[in-house]
Amino acid sequence: MSIQEHVILVNDQGEVVGTQEKYAAHTSHTSLHLAFSSWLFNDRGQCLVTRRALSKIAWPGVWTNSVCGHPQIGETTEQAIARRCRFEVGVEIAQLTPIAADFRYCEIDPSGIVENEICPVFAAQIVSPLKVNPDEVMDYQWVELTSLLRALEATPWAFSPWMVSEAANASEKLKHFADNVKA
């Protein structure tokens, strides 16, 4: 992306306390910041699972939910999700629905990079053809949600930690969404 992205730094109450350049923010001492996580579904109710590009600084090559990112100053979370969906997987979305509005996590990847985010979780339906950005996504699969939830429970080490936690906290809402988008 040609525009330099920032993260919005927040305190424990979610109040904005500043901004920082995205790559400078993600270190072994990452400050709490705003993010979002989205689970995208097709009209068959299948979930898009993506494998993070090897060039990603945190969790490279790891399987995760569809699209994640950070809202920018002056941008709503919904606008940020639509922007990142276009950038990462080349799609337009509809029916953007909050699944876990208060989700928060802090995890350390194997290289020592910390993710420390207030990260509301959303589900949405893809309404245009998929065109993945290889700088973001090295592979992807469409999977039945029930199979994915079983895999997350059986082999959590094979997926991003935020995806595992999101599924554990919001599986019923994800199932409901998947059932409702089936054509």
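Glycine residues also receive a Cβ, built from the backbone N, Cα and C atoms like all the rest.
His70 (Mn(2+) binding site) is surrounded by 21 other CB atoms, counting those within 10 A of its CB over all protein chains shown. In the three-state DSSP scheme, His70 (Mn(2+) binding site) falls into the coil class. The Mn(2+) binding site annotation in Swiss-Prot covers His26, His33, His70, Glu115, Glu117.
Regional average pLDDT for the domain 'Nudix hydrolase' (31-165) in the model is 97. The domain 'Nudix hydrolase' feature in Swiss-Prot is assigned to 31-165.
According to Swiss-Prot, the feature active site maps to Cys68 (among others), an assignment based on sequence analysis. In sequence order, Ala35, Phe36, Ser37, Ser38, Arg84, Cys119, Trp162 constitute the residues six or more apart from Cys68 (active site) in its chain with CB-CB distances below 8 Å.
Non-local neighbourhood of Glu88 (Mg(2+) binding site): Thr50, Val67, Gly69, Val132, Asn133, Glu136, Val137, each in the same chain, at least six residues away, with C-beta under 8 Å from its C-beta. DSSP classifies Glu88 (Mg(2+) binding site) as helix under the three-state reduction. What Swiss-Prot records for Glu88 is Mg(2+) binding site, and it gives sequence analysis as the kind of evidence.
Counting only same-chain residues six or more apart in sequence, the Cβ atoms lying under 8 angstroms from the Cβ of Glu117 (Mn(2+) binding site) belong to Leu32, His33, Leu34, Ala35, Arg104, Tyr105, Cys106, Trp162. What Swiss-Prot lists as active site is Glu117 (among others).
Cβ-based crowding with a 10 Å cutoff singles out His33 as the top-ranked of the binding-site residues His26, His33. Sequence-distant contacts of Glu115 (Mn(2+) binding site), defined by Cβ-Cβ distance under 8 angstroms and a gap of at least six in the same chain, are His26, Thr30, Ala35, Ala58, Tyr105, Cys106, Glu107, Ile108, Asp109, Trp162.
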